[in-house]
Amino acid sequence: MDSFEQGLSMTIDSSETTDGSFRAAWPVPDAWQQGRGAWGGLVVGASIRALALVNPEPGRTVRTISCHMFGPVPNGDCVIEVAPVRRGAAMSTWSVSIWDPSGARCTESIVITGGSRGEDIAFREWGTATMPKAPHWQHVPAVPVAPPMGPVFGPHLEFRPIAGLPFSGSEAKALGWSRFTEHASPQDARGWTAEELLAIVDGWWPAGYVRLPAPRTMATVSFSAHLLADPASVPIGEPVLMESAVTSAFEGFTSELRRLWSVDGRVLVENLQSIVVVN
């Protein structure tokens with residue numbers, strides 16, 4: 001089974017175009033599907049990785065990504081295009097698009113990168129979010145998530161649910177610990193990466209599934225996430241606490257707010273998704 005890192009393997013075309021954009025060949029791997037296309041977390045991670053490979057400003061790290069998903073990203077030879085939108089004095093804005101083997105555009109993301117703007121502006125003094133009460137992750141058993149009830153990509157992730165099981169007809173909220181399966185036995189003592197954190201926030205089932213009494217098809221059409229901590233400060237073997245809730249819904253479109261928390265109580269990622277009930 002390919003690792004997440006292997007799933008992000010791509011080849012950059014070193015020749016810059018006249019408009020300053022770059023292209024990468026991304027062979028979308030098998031075993032990472034969710035429905036008819038690749039898992040959204042893999043798509044988000046690949047978009048960030050493509051930018052990282054061509055980013056001429058390594059001092060400017062990823063701060064936020066907004067990804068609009070027009071259609072599924074299929075297995076096979078896809079193309080990722082990275083183009084500068086604006087490079088300011090301290091912040092840059094990039095456009096990242098993914099095209100399928102037929103030449104159809106599947107996703108378009110806007111990624112903002114920037115350096116530190118002030119060490120005194122931090123969660124401890126400014127944040128109002130409160131970490132949910134949760135048992136230590138080692139006291140919460142992992143449950144398998146795999147076909148036929150779960151997605152194909154499910155075995156790549158570790159799920160330790162605390163509250164909010166799918167199709168229970170309960171309040172549309174979920175809580176649980178999660179990490180990549182490969183992180184359970186890390187090969188080196190590193191921290192998480194931006195690609196991993198911004199991907200795994202999409203790994204948990206929609207909180208809308210908790211509200212439903214029986215399975216229905218749902219799909220994310222818009223994904224916006226803010227990276228609010230240094231990913232490398234989270235040890236690779238530690239899972240993150242996933243908190244999610246449907247805040248509202250209208251005519252089949254749900255608005256779902258998600259947060260990732262570190263074991264030591266920091267907000268790592270805040271994520272807002274528009275998830276549509278397809279049928």
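Just so you know, glycine gets a Cβ as well, placed from its N, Cα and C.
These numbers come from a predicted model, not from an experiment.
Quick look at what TrEMBL lists:
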- 29-111: domain 'Acyl-CoA thioesterase-like N-terminal HotDog' (DOMAIN)
- 140-277: domain 'Acyl-CoA thioesterase-like C-terminal' (DOMAIN)
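For the domain 'Acyl-CoA thioesterase-like C-terminal' (140-277), the DSSP-based tally of helix, strand and coil residues reads 22 helix, 59 strand, 57 coil.
In the domain 'Acyl-CoA thioesterase-like N-terminal HotDog' (29-111), helix, strand and coil residues by DSSP number 15 helix, 41 strand, 27 coil.
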